[in-house]
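Asker: One structure, pasted below without further comment.
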Amino acid sequence: MSLKIKSKITIGVLLIIFLLSIIFTLENVSLAQTSPQISVYKVVGSADLSNPGSAGYWSQIPWTNISLTANIPMAPTSGLTHYLLVKAAWNGSWIFILEEWQAPEPAFNAWSTAVAGIYPNASGPGLFRMIELTPGTTYSLERNYTNYVSIINGKEETGRIVFNYSGITLPAPNNTEITVMSNGTILLWHSPRPVEDLLYNDGMFYGYYVNSTWYYPDRAAIMWYLGSGVPTKDDMNIGGKYPGQQFDGITFKDAGGSLAQSGGSANIWMWVSGATWNNSTYDPAFKSNIWQNESLTGLSYVDSGNHGFAVPLYTNNTNMYEVDTAGIWYTPVASEGLNGSLFFIWTGAKYENGSWVVEFARPLSVPLDYQPFMPNITVGKTYYVAFAVWQGRLGETLFDKSITSSFLSLELVTTPPTSTTTSTSPVTTISSAIPPVTLYVTIIGVVVALVALVILYVVFRR
């Protein structure tokens, strides 16, 4: 082997080693420089859930402006909330998270469909979902299906409804009910979860129907990732009631509400204006005193103090579950134990100046029985959280919502909030996309790699 060839090989090896060392160095710099996107400040005091956001320490903590996006980009009723303001604090034993978002039309007096299902006297908006099909969708009634019954504009007909949109046909299940409005718009009543998935995949889901007297409750949710590593997906699957469900001749691979992040699980705190608000005027569940009635809830405990709460949910790659033994919204995660779990996460809420203000409060530590389904929150650990908001009066409900596009990092910090901030705290805007430091480091790494490749090409071409 000539000296010239040996020199080329030596230079090539050295350049590769140099390139790898640069990449690893940049990766370490990226990790070292990345700070939490949401800081949970150490404070003295407790939450005042009767007037959320009124505790003195909140005025010392700046808002974090979190961008939200449509969960269903093609639906005009999805992604109606463009940003969410968030503050967070802890006092040594509890964590407090304060949220505020604009809501031009609050959904007062709308039932949570699940809660209405356990209360025989429920009446008013929100009792069930109605889907508005995409404009241009038509239907036909196939009368050769003599064992099918369809309801069209309140009239029972023998036959099967078949929807058609841009040449795509979708046969409807037995007992489907539709209303055809004067402009040709088709409304689908009492939509089962699998049907919603089919409509979505065929481009026929336009949104949930609302009018001045029919709408859905407002909601806000925080998702806490429980898996290992850094999650890359914060969305949930649209599908059947359970994985592998056979519905009308179709098999649904995923359950609706199951976590899309492979191998992961998450705890969700869900506040619902029509179920967990603790407002006897505008929350029909509290107006009906449901959470003090064990015969209705199927629980062996009641809402102590009748305070507001957030529904604790648990999702994994299999399904969505409710962290209690009754299963009002979803299948219960356990058949016994979990005493008090449904009301473990406290909330306070108010509507003022065109915005919702909702405060979540939860003990940092959770009982042993809860631990597989809820996080213990400690200093020194990074948590990954995601946020969602529903504007029910405008048609958002279930999987139609405004969400963060990815998880955000959250940490408890031991320093108190700065004393220089005031009640008009500055707003820090963050996007749930790639953090800036990571983005810069990635760009630098790509440039270095390209330069190294050019040098290698020149050396070996000679």
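The backbone N, Cα and C atoms fix where each Cβ goes, and this holds for glycine too.
Note that the structure is a prediction, hence the values are computed from the model and not measured.
Dumping what Swiss-Prot says about this protein:
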TOPO_DOM  1-8  topological domain 'Cytoplasmic'
TRANSMEM  9-26  transmembrane segment
TOPO_DOM  27-431  topological domain 'Extracellular'
CARBOHYD  ASN28  N-linked glycosylation site
CARBOHYD  ASN65  N-linked glycosylation site
CARBOHYD  ASN91  N-linked glycosylation site
CARBOHYD  ASN121  N-linked glycosylation site
CARBOHYD  ASN144  N-linked glycosylation site
CARBOHYD  ASN164  N-linked glycosylation site
CARBOHYD  ASN183  N-linked glycosylation site
CARBOHYD  ASN278  N-linked glycosylation site
CARBOHYD  ASN316  N-linked glycosylation site
CARBOHYD  ASN339  N-linked glycosylation site
CARBOHYD  ASN353  N-linked glycosylation site
CARBOHYD  ASN376  N-linked glycosylation site
TRANSMEM  432-456  transmembrane segment
TOPO_DOM  457-462  topological domain 'Cytoplasmic'
Asker: Among ASN91, ASN164, ASN278, ASN353, ASN376, these being the glycosylation sites, pick the one whose CA is nearest to that of ASN121 (N-linked glycosylation site).
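Answerer: That would be ASN278, nearest by Cα distance.
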Asker: Here are some glycosylation sites: ASN144, ASN376. Which one has the most Cβ atoms within 10 Å of its Cβ?
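Answerer: Highest number of other Cβ atoms within 10 Å: ASN376.
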Asker: Given the model, what does the mean pLDDT over the topological domain 'Cytoplasmic' (457-462) come out as?
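Answerer: The predicted confidence over the topological domain 'Cytoplasmic' (457-462), as a mean pLDDT, is 51.
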Asker: Quick check: in three-state DSSP terms, what is ASN65 (N-linked glycosylation site)?
Answerer: strand
Asker: Of all the glycosylation sites given, namely ASN65, ASN144, ASN316, ASN339, ASN353, which is spatially nearest to ASN91 (N-linked glycosylation site) at the Cα level?
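Answerer: Out of the listed candidates, the nearest Cα belongs to ASN65.
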Asker: In whole Å, how far is ASN144 (N-linked glycosylation site) from ASN164 (N-linked glycosylation site) when you measure between their Cα atoms?
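Answerer: Here the two Cα atoms lie 18 Å apart.
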Asker: Tell me, by DSSP, whether ASN316 (N-linked glycosylation site) is helix, strand or coil?
Answerer: strand
Asker: Given the glycosylation sites ASN183, ASN278, ASN339, ASN376, state which is nearest to ASN144 (N-linked glycosylation site) when distance is taken between Cα atoms.
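Answerer: Going through ASN183, ASN278, ASN339, ASN376 one by one, the Cα closest to that of ASN144 (N-linked glycosylation site) is ASN183.
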Asker: Given ASN353 (N-linked glycosylation site) and ASN278 (N-linked glycosylation site), what distance in Å do their CA atoms have, once rounded to a whole number?
Answerer: 20
Asker: Provide, as an integer number of angstrom, the distance between the C-alpha atoms of ASN316 (N-linked glycosylation site) and ASN183 (N-linked glycosylation site).
Answerer: 42
Asker: What's the CA to CA span in angstrom from ASN376 (N-linked glycosylation site) over to ASN278 (N-linked glycosylation site)?
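Answerer: Answer for this pair: 26 Å between alpha carbons.
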Asker: Just going by other Cβ atoms within 10 Å, which of the glycosylation sites ASN65, ASN91, ASN316, ASN339, ASN353 has the emptiest spot?
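Answerer: Fewest other Cβ atoms within 10 Å, among the glycosylation sites ASN65, ASN91, ASN316, ASN339, ASN353, is found for ASN353.
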